Amino acid sequence: MDFEKAQNRIIEFIRNETDKAGVDGAVVGISGGIDSALTATLTVEALGKERVLGLHMPESSLTPAVDSEDAKILADWLGIEYRTIDISGIVSAFMASIPESESSDRLTRGNLKARTRMSLLYFHANRLNRMVVGTGNKTEILLGYYTKYGDGGVDLEPIGGIYKTEVWELSRRLGIPDPLITKKPSAGLWTGQTDEAELGISYLKVDDVLRMIEEGAEQEKILKDTGISIEQLNSVTRRIERNEHKRKSPPVPELY
């Protein structure tokens, strides 16, 4: 990848999309992770720091302190307006109002948290006449590794065309603080969760697999070149197929 060209195209994309929408700026969810750090950095490059609001939305009993610290470090480094909103009370009130919540599984609860954050982002975007800028990368989008109408509920996805491993490389080139680049990726939806453990494969390997699938490589070649197991490959392809609905608008019947 030509990273300088990619950087310039993403910046131009953000600028063009916000101009077309006639909005006054952007709201970005800042988790303390590298995807949101890169997205916020590129958005500031496109619009200027005065037009970017960063929202950090931890869950007090779950979000590691280091994530909140890193989110603040990033906001200070960028010089953007920054707010912290603890979602614990909102989620607790929601769960308390639904009797079935006690028997819900952790994925259901995790998705609720992601959708709560989406609602907060849009509240502030509507209030300020701004767009919600998403932080999803190409790896996550292809795998469907995000919450539908949660972190997937955004107005644009500036880094949606670059793989996770490329996110790390572009972030290094932009000088983003190193602690955000080197920490283990996690959606932070439950205690001890990490992306690679949940996926059952490293981002380095899964990006190689996704590239080869896009190029039309045969199964045997993918297994040989990447060194992954057939179980890991099947897991990746199942995710792509099972989550296709996330990458499309809701289907509408043809009536005429």
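For all residues, glycine too, the Cβ spot is worked out from N, Cα and C.
Going through K5, K164, K221 against Swiss-Prot, the one listed in the ATP site together with G29, I30, S31, G32, G33, I34, D35, S36, T135, S186 turns out to be K164.
Put plainly, the binding-site residues R115, K148, H245, K246 were compared by Cβ crowding within 10 Å, and the winner is R115.
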